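Peer 1: Questions regarding the structure given below will be posed in turn.
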Amino acid sequence: MSWLTKLLPPKIKREQGPQRRGNLPEGLWSKCPSCEAVLYATDLENNLQVCPKCGHHNRLNSRQRLDLLLDSEGRFEIGAEVLPVDSLKFKDSKKYPDRLMEANESTGESDSLVVLQGAIKTMPVVAAAFEFDFMGGSMGSVLGERFVRGVQAAVEQKMPFICITASGGARMQEGLFSLMQMAKTTAALTKLSAAGLPFISILTDPTMGGVSASFAFVGDVVIAEPKALIGFAGPRVIEQTVRETLPEGFQRSEFLLEKGAIDMIVDRRELRDQVARVLALLQKLPAAA
């Protein structure tokens, strides 16, 4: 028995030790994955999940992104009744319906895209946001149909359409049905363009695969969050293919801005104001307050 054990009787250790630990709720602190600063979770939440030390943008879910962008009143969801089905009876290490059920239980969403009609500083819009935590934000039949219905609503109501992307690409469990959505979504946007209505594409970390190869870059204005990973194949896959070391920051939003692939990089805390200014400019309206 050590001298410390003799000084602290077992009864005290049993009663006080666990009690002290119990007074600290879980999730009180968060560690920044970029600068490794230890942050108070409430402060991080109040800062829209942006690290106050280094500016790293942590990921948000679809509802958080839409709440950040849209006015709180007068919103309603489009396409929520469209639900996924296992047409191919696909099975890898798990059955597709089992994966859908797990994703639904963990996120509360029925698929990887949420579409809302609402307003930004009283300017009517239709906005869609990807749910990355639902099977990696993968693009399947439901996502494509909800996207198209959102665009159709924008055309019918003569509103701009906004999409916030966060996706790993096509959903392999739906095979060619998934790949079809690349053409389906892009074709729908031609009707929006023909009607003279703006499409603003907001790229967040990560925007990869079939999403980046289809509609993500066809916006009238393409905005990205800082240091977002944006591309088709991942950097490691490219390095293994070309057998060369890629430049530092390759496929990050700053690299794409330098090469002219996107129009601007906007800090999340300034996104709503910036999108409102862009909407007013594109629609020839007075600048939003």
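Using the three backbone atoms N, Cα and C, a Cβ is placed for every residue, glycine included.
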Peer 1: Looking at 32-54, 78-100, 124-146, 193-215, I want to know which stretch Swiss-Prot calls zinc finger.
Peer 2: 32-54
Peer 1: Excluding C32, C35, C51, C54 themselves, which residues in that chain have a Cβ inside 8 Å of the centre of the Cβ atoms defining the Zn(2+) site?
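Peer 2: So the additional residues around the site are P33, S34, E36, A37, L39, P52, K53, G55, H56.
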Peer 1: Quick check on the binding-site residues C32, C54: which one has the highest count of other Cβ atoms within 10 Å of its Cβ?
Peer 2: C32
Peer 1: Looking only at DSSP and grouping its letters into three states, which state does C54 (Zn(2+) binding site) belong to?
Peer 2: coil
Peer 1: Hey, which of the binding-site residues C35, C51 is the loneliest by Cβ count within 10 Å?
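Peer 2: If we count Cβ atoms within 10 Å for the binding-site residues C35, C51, the smallest count is at C35.
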